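Trainee: I'd like to ask some things about the structure below.
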């Protein structure tokens, strides 16, 4: 690749979170892109595609601890970050692709409806820019950094190889591996039906008001696991087309999606051989 790509990075865990730093490390190691960060100045998990409609937001250039081309912190949601980046900061020189994450925790199944990580990627696609949302199942400490550099580069090149706007957004989940287990390849899947259901937990009651925590949740799974969930359980990295309608099967037949899966496998194998 003669000319380096222009890559915009964001997340919902905050600009100085471990996950986005790991993503920067991998991209620097691959050395095929100039990196720009526009991310929230505080954690914005669960923001989905919300944006600051009723109040102003600020953006401030910050010193970042890794050699990126520039980094800005935003006092708003992940979608605010994308709106400011594409609508002002880089309006005259748009990025080739937006990468969001790496999120601390899974964003598989219907959880993507809540995810600020996925929300930022969807905002990019809606705005005409290819995007990938990355999440690490369970905890960011499970991420296998030594094995991820070429995988992330391949996924970026795959997303850029797709004709816009057909399936140019993707939601990637890395499985959690234990006891020296390794990732067992990548698989293109449809977004699963599983979701995390939380029961409100009462914190206190002062007689006038009750205070609750809504962060207690667990993944609910049917006996008939989705392909996405089954792939993660068998330690495969899942790559799900990221659409506002949430499922590629609403736009194509099952046979057409199976053909897309085969094309994805062929692309990955050709990149590994090259």
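Placed from the backbone N, Cα and C atoms, the Cβ positions cover glycine too.
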Trainee: Which one, 26, 103, is listed by Swiss-Prot in the same divalent metal cation site as 12, 13, 45?
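Mentor: Answer, per Swiss-Prot (divalent metal cation site with 12, 13, 45), from 26, 103: 103.
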Trainee: For the binding-site residues 12, 13, which one has its C-beta crowded by the most other C-beta atoms within 10 angstroms?
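Mentor: Per the Cβ count, the most surrounded site is 12.
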Trainee: Which entry in the list of binding-site residues, 45, 103, has its Cβ near the fewest other Cβ atoms, using 10 Å as the limit?
Mentor: 45
